[in-house]
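Enquirer: Here's a structure for you.
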Amino acid sequence: MSDAVPQVGSQFGPYQLLRLLGRGGMGEVYEAEDTRKHRVVALKLISPQYSDNAVFRARMQREADTAGRLTEPHIVPIHDYGEINGQFFVEMRMIDGTSLRALLKQYGPLTPARAVAIVRQIAAALDAAHANGVTHRDVKPENILVTASDFAYLVDFGIARAASDPGLTQTGTAVGTYNYMAPERFTGDEVTYRADIYALACVLGECLTGAPPYRADSVERLIAAHLMDPAPQPSQLRPGRVPPALDQVIAKGMAKNPAERFMSAGDLAIAAHDALTTSEQHQATTILRRGDNATLLATPADTGLSQSESGIAGAGTGPPTPGAARWSPGDSATVAGPLAADSRGGNWPSQTGHSPAVPNALQASLGHAVPPAGNKRKVWAVVGAAAIVLVAIVAAAGYLVLRPSWSPTQASGQTVLPFTGIDFRLSPSGVAVDSAGNVYVTSEGMYGRVVKLATGSTGTTVLPFNGLYQPQGLAVDGAGTVYVTDFNNRVVTLAAGSNNQTVLPFDGLNYPEGLAVDTQGAVYVADRGNNRVVKLAAGSKTQTVLPFTGLNDPDGVAVDNSGNVYVTDTDNNRVVKLEAESNNQVVLPFTDITAPWGIAVDEAGTVYVTEHNTNQVVKLLAGSTTSTVLPFTGLNTPLAVAVDSDRTVYVADRGNDRVVKLTS
């Protein structure tokens, strides 16, 4: 690959290179069409001088493999990576947003509520990375992407390395931006994940003040400030606008001694939230809810659309001028053209046009009405969880995505259950129902919970689980014991009436999602990050890997009364069945299914599946070759599904913050 002559129009393996988006010291970024899947992607091609370096290839392969398994919502996943004709590549999605650096440069400091809301999301991304042995090493505003609805992503994990294998990174290399580098980065002391916490505290301070933590006229003086000077006090720099309690949060996050910092990025985020005034806490929560719902609506794009003039809702002193470019020569991100939200016949039409210029977060702080989540302008940006920093500036274009509307009027047989307390950050995720008709839901968030709605009740109960981190799958057995997976890579159980939870002895889980329990008490887990399904028999301390083959991001698992196991093989767009006590795997004849997610099976062997992208629930009768769509209405990103003995179907309607049931 030449650094001077782009390869636009040429073929790179299965990729047709459509447009050069950016060029950096290590390679180029292209808008490309994956001709196998007929979708537009972001493709990073690493230059020959690095692709030919065995040490570099080993490092990038290790980092891409590790970071590519990070499924935390605030980390952008990669589709694929590898080598073609000796050249290393990384394929990623295109998402919408602008860098935090651009927002701060154009509009100045954020409100405390918005600053904390963004930092809480980045903290969740860091905690997920740290739990997998990955340190980012370059947390800064340039590497934080914020959408028009304030959903935040941490990008550019290309300089990150697996903490357990330092041999792949040269010792002593100063990687990152000096403004956000922890003191130990300059002294040769051991650098741990807490360097990321220091950087996040620096970012929080800059969000509150509009300036990096230390001002210096030389690199040497800047390093000395990190080593010797006290942390800045935002409340002194912006008196009356920043709560003084945030000064202590910044000070602890930027402690010179790593051991004196917060134990986790999440702890820093919680402390920052607690330091806000009550009014600001409500504003921050509103921002988080809106960002989650809007992002769940915006499905990763597959095809291109015509461009139109666009602006983005920013932060600070005023709205941007419609049509103005938002990327400046400091932004380490690449803006690409807009893509369709769903090209497979989903009910998310797209069209060109403008939306209100007033920032959503600013509206929240002023108490004005917030426009519908669908009325958002889009700036399509290329980011990657395992990509190197490639700086590029291009003009942005956008379009409107109309949110599927739904009416409080229920379809025949459809009912919204009276759950409360699940409308915060990616909720609900899992759903289960016991033999008595009690319904359980995981309220997914940075620190989540399990909520129970008793039969006939209009009030909910929070079960006494503790320490759950983004709980996912949920199941309940005949005795009323509740099982839940979370992103601590574990399965936790709570017996009926007990306050003492138990962690089951599963080993090596990597982002477990779906969960099921059979009539014998055996527990099944869709171990998404490892592309497998594991089983733990009742009373056993040793798990078994079930002999499924070719799984790609399995999300849901179910088991019937005969012991047959069913899995939604999400990225392969199929549902597979493993017959009891055999190696016989069968692909079920669901019709044109896309992104299957949740799965359940009733006593008659009918299989129910949610389609994540098309907002449908489909069922396949035992022995049938034709699936049918259930008459749910207004679903928005349905995830888990459950069915009771009366064949009433329950769905976690995540994008609408509700649980819906449909009677047979």
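Keep in mind that glycine also has a Cβ here, set from the backbone N, Cα and C atoms.
When I checked Swiss-Prot for this same protein, it listed these features:
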{"type": "ACT_SITE", "residues": "Asp138", "note": "active site, proton acceptor"}
{"type": "BINDING", "residues": "Leu21, Gly22, Arg23, Gly24, Gly25, Met26, Gly27, Glu28, Val29, Lys44", "note": "ATP binding site"}
{"type": "DOMAIN", "residues": "15-276", "note": "domain 'Protein kinase'"}
{"type": "REPEAT", "residues": "414-456", "note": "repeat 'NHL 1'"}
Enquirer: Should the residue listed as 'active site, proton acceptor' be counted as helix, strand, or coil on the basis of DSSP?
Expert: coil
Enquirer: Where Gly27 (ATP binding site) and Asp138 (active site, proton acceptor) are concerned, what is their Cα separation in Å, rounded?
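Expert: Per the Cα atoms, Gly27 (ATP binding site) and Asp138 (active site, proton acceptor) stand 19 Å apart.
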Enquirer: Between Arg23 (ATP binding site) and the residue listed as 'active site, proton acceptor', find the distance joining the two CA atoms and give it rounded to the nearest Å.
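Expert: Arg23 (ATP binding site) and the residue listed as 'active site, proton acceptor' have their Cα atoms 19 Å apart.
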Enquirer: Round to a whole number and give the Cα-to-Cα distance in Å for the pair the residue listed as 'active site, proton acceptor' and Val29 (ATP binding site).
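Expert: Here the two Cα atoms lie 20 Å apart.
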Enquirer: Around the Cβ of Arg23 (ATP binding site), how many other Cβ atoms lie within 10 Å? Please give the count over every shown protein chain.
Expert: 20
